[in-house]
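Student: Here's the feature list from TrEMBL:
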| type | residues | note |
| --- | --- | --- |
| TRANSMEM | 6-23 | transmembrane segment |
| TRANSMEM | 39-59 | transmembrane segment |
| TRANSMEM | 71-90 | transmembrane segment |
| TRANSMEM | 121-150 | transmembrane segment |
| TRANSMEM | 156-175 | transmembrane segment |
| TRANSMEM | 182-201 | transmembrane segment |
| TRANSMEM | 221-245 | transmembrane segment |
| TRANSMEM | 265-288 | transmembrane segment |
| TRANSMEM | 322-345 | transmembrane segment |
| TRANSMEM | 366-385 | transmembrane segment |
| TRANSMEM | 391-415 | transmembrane segment |
| TRANSMEM | 457-477 | transmembrane segment |
């Protein structure tokens, strides 16, 4: 493992170097939270790709497929359309909002559109909850990679990962995360293709793996819906495609674009990179399960170790080191993005609701303190839920954002009839319902098992549909809003 560890150490030093370089470029809260609104389209596209998948795909995906089969790819299929939807529905509008109203967060956009402190406050709370869940997903993925390499416990790996993220998040803010995303995102997209090739070689080809698994596990395992069934599969597709317009980690990136005229190239860049990442999900999950079923590997105690088992056993050490380092860097830079978004909600959005606006210097100072507090909370969440499934924890975060924010943000910036009351109630209902159902599911509450579990529908899909209905119905039941001319211009863009 000496080669692997050496590559990881060098890679990590490069990442930390980027963080400290970014610290010298970070002179205001605008630099810290939206990278100074001066990034090129490639940087933003790669950052969007990394923010959407990262540890969720590279660690959680293979583990989920190992357990449930090919049907889990319904989580990756939306990549082909979801990035395009986000860039077309939100791209120009979010970028122009950054100019007309000096927006830096999703809650800023909600307030600019509806002039509702209630809706803005709820969107900030939803952002904090969802971002902490996503952050815990990334740190838990980091721990699953780090622990077998250095022979550390899961808990120790979580603490180490969070500490590293904390260092360069406090130092460089969003600028550090985005430029690290460009570096590691490019490497991970290419490496995914290489790893996929190795899975085909060691699995005897896709036809051989699927035929063997159909015989030894079940035909359904390699069928179109795997072991999850059509309801969950299609629900995943719906929520992960439509729900992207409610993801702050994606929408927020549009504020950073220097030249809005180049927005048209973003969906292709991000979508292609995302689909390449999906190949790693497909190949590793099937190959490891195939090797287990033919007796070449022992059954996995935790499915999220699938990527580590495959790389340690079948990949050349140099390649394994690059992949490990890439995954760790992907997790770290994405975690940096999440933690800075959450800190922005704490020090910018919530104080504004209560009539207190901080100066740029104060936002920068307290934003860094908020990062420390959020890091502690993330460690607690990772200890509690991290070993129960990386992809499931990530889906919890995605569903929370989709249900709470997709109608108010995605529909709201494109439908002038949407009202502040519709936004308020859709955010409240979506947030409370999704968190309530996911917690009830995790704790095994009887009412969930008796009422919702038999429906076999992804909770995020159910709550997103309800939230959309609430938004539209309440908007039609309340007075048509009078929009300021600059907001109308943004919506017409």
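Cβ coordinates are placed from backbone N, Cα and C, and glycine is handled just like the others.
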Student: Among 221-245, 322-345, 391-415, 457-477, which stretch has the most Cβ pairs under 8 Å to the transmembrane segment (71-90)?
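Tutor: Between the candidates 221-245, 322-345, 391-415, 457-477, the best contact partner of the transmembrane segment (71-90) is 221-245.
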Student: At a C-beta cut-off of under 8 Å, are there same-chain residues at least 6 beyond the transmembrane segment (221-245) that contact it? List them, or none.
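Tutor: Non-local partners: 52, 65, 67-72, 74-75, 77-78, 81-83, 85-86, 89-90, 210, 213-214, 251, 286, 395, 398-399, 401-403, 406, 409-410, 455-458, 460-462, 464.
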Student: Using Cβ atoms and a strict cutoff of less than 8 Å, what residues sit near the transmembrane segment (366-385) while being 6 or more residues removed from its termini?
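Tutor: For the transmembrane segment (366-385), the nonlocal Cβ contacts are 29, 32-33, 132-133, 135-136, 139-140, 143, 155, 158-159, 162, 165-166, 169-170, 173, 339-340, 342-344, 346-348, 358, 393, 442.
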